[in-house]
Structure formats: C-alpha cells, structure tokens
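Trainee: This is the feature table in Swiss-Prot:
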ACT_SITE  104  active site, nucleophile
ACT_SITE  108  active site, proton donor
BINDING   108, 121, 122, 123, 131, 132, 133, 197, 198, 202, 272  xyloglucan binding site
DISULFID  226-235  disulfide bond
DISULFID  267-281  disulfide bond
DOMAIN    27-218  domain 'GH16'
CARBOHYD  112  N-linked glycosylation site
CARBOHYD  238  N-linked glycosylation site
SIGNAL    1-26  signal peptide
SITE      106  site 'Important for catalytic activity'
C-alpha cells in the first residue's frame, strides 16, 4: 500500500510516541538514577556510570532511585553483596509506588554471620498489603562475584529471575479476588540498610559494627518499560517481556529451584493462616 506524505508523517509520529513510551535504559547510574539518601555513602564508581556502590555504617545506610516511573517493565541489575559477617544488614533491589496504599515488588537480601548463607527474601505488595513472602538460600555465594537479578512485571504476572533462572512467578489472579499491581506506576529503588531487629534469624544475630562500613556493589543497571508521564502510560505490546510467561522448561527450572533452595513459602504456612492459605495458593 502506498502512503501519502500526510499518512507517512502520521505514522512517524505514532512510531516516535510508541518508542518514547516503551523506553529501554541501557543503564547509566549518572543519567538514569539519583542517590537520594546516604549523605555520600552511595557513589558512582566509574566515568561511564556502569558501577555504583552503597555503604552502611552505624550512622546511616544509603540508596538510589530511578528518575523515571514505570507502569509495567523489566528491570535488572547485577549485584555483589556485602562479604563476611553481614548479619543485620539488608541489601535491596525493588519496585515501589508512593503513598500509603502503595504497590511494591521486592528482592531483599538478608545478611548473615560469616560462613552462613544469605536469605533472598521476595515479596509482592498491592495497595499497601504484602504478606506474600517466599525466601531462598542461593546456590552460590553472592558476595564473590556479580550475579544478575531481574523483575519482569507485566499485566499477567510478575517473574523473579536470578542469572536468567526463574525462581518465582506471581500471577494476576484478580478474577478470583486477589489484588495485583495494575494501576500505580513504580520507581526502581535499591538500598543498603540496617534491620538487626528482624533480618538475621528473626533478630537473634545483631550487627557487628566493628566490621563497618558494609558495602554492596551494583552494575549494568537496565530497565525496559512503559514510562509514566503526564498522568498516563501508553505501552504498545511489542516487546517480549510485556507478554512474557514461563514455558514448560521455565516452569521445570523454577520448580527445581524451589524444591532445592526455597526455605519459606507463605502458601505453606498453615500456622500463620489457620483458616486456610490465601486463595492464590490453591
């Protein structure tokens, strides 16, 4: 079909608008995030903005946030966690909306004594309510090398992956009354902070401040998502993550990780839910 000049121009405008709405950040910590707390404890480490560190001492932790908000997206980063005795520390990478009825999707790494594994804590909040925790002990030492952690959030599901391996899927079950984050745009956040009252063995192990400052590293930050601007998000479904689901191989890999490395699943906690586990668990 031959296009007129006017039709071609209109098509170009539509294409440019779609390209702006579905934005890919091949991540620069200089350009795409701001270190919003920590009083100098968060630092971009290289000229290209590919490596950032967050530190924690007895006075304060630190954190950064994305400049843009997104309504759906795929966010990933490589992290190397605090080595040695990290008891009482929490290192995070998560999505969150503002307000008192916020939505949130969490990767939280709970520190431990030397020689004991980190606990990877995942959770999903909708309208300020969470209580959907799954926890894992990783199959590697996350303090030795960088590993890739990814959150894929689309209208159908949320997928958590570690080094490309799915560890958790939280499906949209609004049809049976389970809230799902579909309406509130979120920013990407990362932080390193102290939570010795609960983070390690329920607060039994306290932070050894003689080991401070504690430092975690982030690199190769990347976000592909639907940018929220001027009260709306136009998001064409032309990117693989927007309709991503786990095929049979992905399901098998996820179940394998869960059977070997999952240490807590709210869906199995009958003591916590004596009247029956949440409906999405069945």
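Every residue gets a Cβ built from N, Cα and C, even glycine.
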Trainee: Where among the recorded positions 112, 122, 238 do you find the Cβ with the fewest other Cβ atoms within 10 Å?
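Mentor: Taking 112, 122, 238 as the recorded positions, the minimal 10 Å Cβ count falls on 238.
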Trainee: State the Cα to Cα distance, in Å, between residue 267 (disulfide bond) and residue 133 (xyloglucan binding site), rounded to an integer.
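Mentor: If we compare the Cα positions of residue 267 (disulfide bond) and residue 133 (xyloglucan binding site), the gap is 9 Å.
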Trainee: Of these recorded positions, 104, 106, 108, 131, 133, which scores lowest on Cβ atoms within 10 Å?
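Mentor: Taking 104, 106, 108, 131, 133 as the recorded positions, the minimal 10 Å Cβ count falls on 131.
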Trainee: If you measure residue 198 (xyloglucan binding site) to residue 106 (site 'Important for catalytic activity') at Cα, how many Å is it?
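Mentor: Residue 198 (xyloglucan binding site) to residue 106 (site 'Important for catalytic activity'), Cα-Cα distance: 17 Å.
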Trainee: Determine, from DSSP, whether residue 122 (xyloglucan binding site) sits in helix, strand or coil.
Mentor: strand
Trainee: Of 226, 235, 267, 281, which of the disulfide-bonded residues has the most Cβ neighbours inside 10 Å?
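Mentor: Answer returned by the neighbour count: 226.
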Trainee: Would you mind pulling the DSSP three-state label for residue 281 (disulfide bond)?
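Mentor: Assignment for residue 281 (disulfide bond) reads helix.
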Trainee: Ten-angstrom check, please: count other Cβ atoms within 10 Å of the Cβ of residue 198 (xyloglucan binding site), all chains counted.
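Mentor: Neighbour count, Cβ to Cβ under the 10 Å cut-off: 12.
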Trainee: Please state how far apart, in Å and to a whole number, the two most distant Cα atoms are among 108, 121, 122, 123, 131, 132, 133, 197, 198, 202, 272, the recorded xyloglucan-binding residues.
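Mentor: Overall maximum Cα spacing for these binding residues reaches 21 Å.
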Trainee: Consider the recorded positions 108, 112, 226 and say which one has the Cα lying nearest the Cα of residue 122 (xyloglucan binding site).
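Mentor: It is 108, whose Cα lies nearest.
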Trainee: Could you check what DSSP calls the residue listed as 'active site, proton donor' once collapsed to helix, strand or coil?
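Mentor: Strand, per DSSP.
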Trainee: Could you check which of the recorded positions (104, 131, 235, 238) sits closest to residue 281 (disulfide bond), going Cα to Cα?
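Mentor: Given the candidates 104, 131, 235, 238, the nearest one is 131.
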